[in-house]
Amino acid sequence: MHSPVILAIESSCDDTSAAVMAGGEILANVVATQQVHEQYGGVVPELASRAHQQHLIPVVQEALRRAKVDKSALDAVAFTQGPGLLGSLLVGSMFAKTFAQALDKPLIAVNHMRAHILAHFIRAPRPAFPFLCLTVSGGHTQLVIVRSPMDMQVIGQTIDDAAGEAFDKTAKLLGLPYPGGPHLDKQAKLGNPTRFSFPVGAMPGYDFSFSGLKTSVLYFLRQQTAQNPDFVAENLADLCASIQHTIIQTLLRQLVRAAEDNGLTQIALAGGVAANSGLRAALTALTAEKGWEVFIPDFEFCTDNAGMVAMTAHFQYENGDFASPLVSPDPRLKLT
Ligand code: KG4
Ligand code: ZN
C-alpha cells in the first residue's frame, strides 16, 4: 500500500502553519501564531497577510526538519483553499502552487471547515461514521453530519456571530485582552454561572445566533456601571461564568436537538472554542447522561493548524482528489 508523504500549509486567518504527514501519520505540525493583532483587539487582514509572508518559509522548513523529510520525498503539497481571509489564503496558496510546481508534485486544495472536522482522525480515539460534529471557532459555528471524510452535510450554522466571536466580543466589553476567549474561560472557573442571566439565542431548526448576547451584555454593563463604576471589576468572575454558561447552553441545546432528531450518538467537537473548559465539561456530562460518545481532539489540533489540513489531504489523495495548478483561493468556500 502506498503511504503518501504530504506537506500541508494552513494560512486562512492569523496562524501560519505547516505540517508533514506520511501514510496518515503526523510527523510534524508547526504553528506560528501572529502576535501583531493583539494591540488592535482583532485580526487586521493586511497585517495577517504580511505576517504570513514572513513566517511561511521558516515554518515550512521547520516542519520538514522536524519530520526528517526532504522535500524531494514529498508526494503532494496541500493548502487551505478557504474559507478565510482572501489575502491570507493567497499567501498560502501561492506558496503551495509554486512549491508543487517546482517539485513537479500534485496539489491538493483543502476546505478549512472539513479540516477542522477531520482533525479527529489524526489520533485515536476516532469517531465512527456517521457522527455529529459541532465546529466552533472564531469564524464559524456549524453543526455537521459527517457520513464519511468527503460526505458532510451542514445542518445548522450561525446566522450572525460565531461562538468564538461571542466569547471575544463579550470579553472585550469586560476589558479582557484579545483574543478574549481563553481569558474569559479562566475567569469563569472562579465565578457563579447562574448569577446573571443573558438571553439564549433561540433559533428554529439547528441554527445559532449570538449577536443578541453581545448587545444584552453591552446594555447590562452600561446600566450597571452608571450606578457603580467598579461593577465589572467587582463582578468579573461571575460575569464571565454567566456569559460562558449562556454560550454553552446555546450551543448544547441545538446540538442535542440535532443529535436526537438524526439518531446520532457519536458526538465530536472541533475548532478553537473546543478548548473552552466549560464547554468540554458540559458536553462530557451531557453525553455521559445520554449514553453518547464524545470526541474532542488534542488542543494542538483544535485551533488552526496544518496537521488537520494534512489529514484531510491524505483522504483526498486516497480519493485522487487533486487540484488544478490554476485553482484559486475562495474566502467563502462552502462545505456542502
Ligand atoms: O479555530 P480557531 O483557532 O481559529 C479560527 O478558525 O477562528 O479559533 C479561535 C477562537 C477564538 O475566538 C478564541 O477566543 C477561541 O477560539 N478560544 C476560546 C478558548 N480558546 C480559544 N474560547 C473560549 N474558551 C477558550 N478556552
Ligand atoms: Zn479555524
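The backbone N, Cα and C atoms fix where each Cβ goes, glycine too.
Curation plays no part in TrEMBL annotations; they are all automatic predictions.
Features reported for this protein in TrEMBL:
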type	residues	note
DOMAIN	25-310	domain 'Gcp-like'
BINDING	His112, His116, Asp304	Fe cation binding site
BINDING	Thr135, Val136, Ser137, Gly138, Gly139, Asp168, Gly181, Asp185, Asn276	substrate binding site
Of the residues named as substrate binders, Thr135, Val136, Ser137, Gly138, Gly139, Asp168, Gly181, Asp185, Asn276, how far apart in Å are the Cα atoms of the most distant pair? 18
Check: min Cα-Cα distance from Asp304 (Fe cation binding site) over binding-site residues Thr135, Ser137, Gly139, Gly181, Asn276 goes to Ser137
Taking only the Cα atoms, work out how far Asn276 (substrate binding site) lies from His116 (Fe cation binding site), in Å, as a whole number. 16
Quick note, His116 (Fe cation binding site): same-chain residues at least 6 apart with CB under 8 Å of its CB -> Thr135, Ser137, His140, Ala270, Gly271, Met308
One should report the C-alpha separation between Gly139 (substrate binding site) and His112 (Fe cation binding site), rounded to whole angstrom, as 11
Largest tally of Cβ atoms lying within 10 Å of a Cβ, found at which of the binding-site residues Thr135, Ser137, Asn276: Thr135
For His112 (Fe cation binding site), write down the residues of its own chain that are at least 6 apart in sequence and whose Cβ falls under 8 Å from its Cβ; none is a fine answer. Glu10, Ser12, Thr80, Gln81, Gly82, Pro83, Gly84, Asp304, Val309, Leu333
Ligand 1: which of the binding-site residues His116, Thr135, Ser137, Gly139, Asn276 have a Cβ closer than 6 angstroms to it? Ser137, Gly139, Asn276
For the binding-site residues Thr135, Ser137, Gly181, Asn276, Asp304, which sit with their CB under 6 angstroms from an atom of ligand 2? Ser137, Asp304
